[in-house]
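Please read the structure below before turning to the comments.
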Amino acid sequence: MHEFSIVNALLEMCEKSAKENNATKITKVEIKIGKLSGIEPYLLESAFDTFKEEGICMGAKLEMHLQEVVIHCNVCHHEATLNQNEFLCPACQSPEISVIDGEEMFLMHLEME
């Protein structure tokens, strides 16, 4: 389960940001998870709840936003959000597309005290 290592890295980022901002507590962690990231939100939340109790994020709320898959067609230059796992341009049906969003996880916002 790679969610444990992801949460570990996330908590390290939170610790670093808190130190840089002279914060003593983090109350909210807001992240964006791409649907193609391979991350299971339920498992990530479970791991976060387990590991947050040992540091500055103790008691913090994890807010997750799921990012749809956004593609750019390399043929007709159309950009679209994919609603299914059908990797074709919805405008011209070309398979020559690039994914421009929805593959990664980002730390979007921290609330600190």
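Cβ from N, Cα, C; glycine included.
Residues or ranges marked as Ni(2+) binding site by TrEMBL: HIS2. Shown in sequence order, GLY38, ILE39 are the residues of the chain, 6+ apart in sequence, with a C-beta less than 8 angstroms from the C-beta of HIS2 (Ni(2+) binding site).
Residues or ranges marked as Zn(2+) binding site in TrEMBL: CYS73, CYS76, CYS89, CYS92. Around CYS73 (Zn(2+) binding site), taking its Cβ as the centre, 20 other Cβ atoms fall within 10 Å, counting all chains.
Most Cβ neighbours within 10 Å, among the binding-site residues CYS76, CYS89, CYS92: CYS89 holds that distinction in the structure as shown. Compute the center of the Cβ atoms of CYS73, CYS76, CYS89, CYS92, which mark the site for Zn(2+); besides them, the chain residues with Cβ within 8 Å of that center are ASN74, VAL75, HIS77, HIS78, PRO90, ALA91, GLN93, SER94, GLU96, ILE97.
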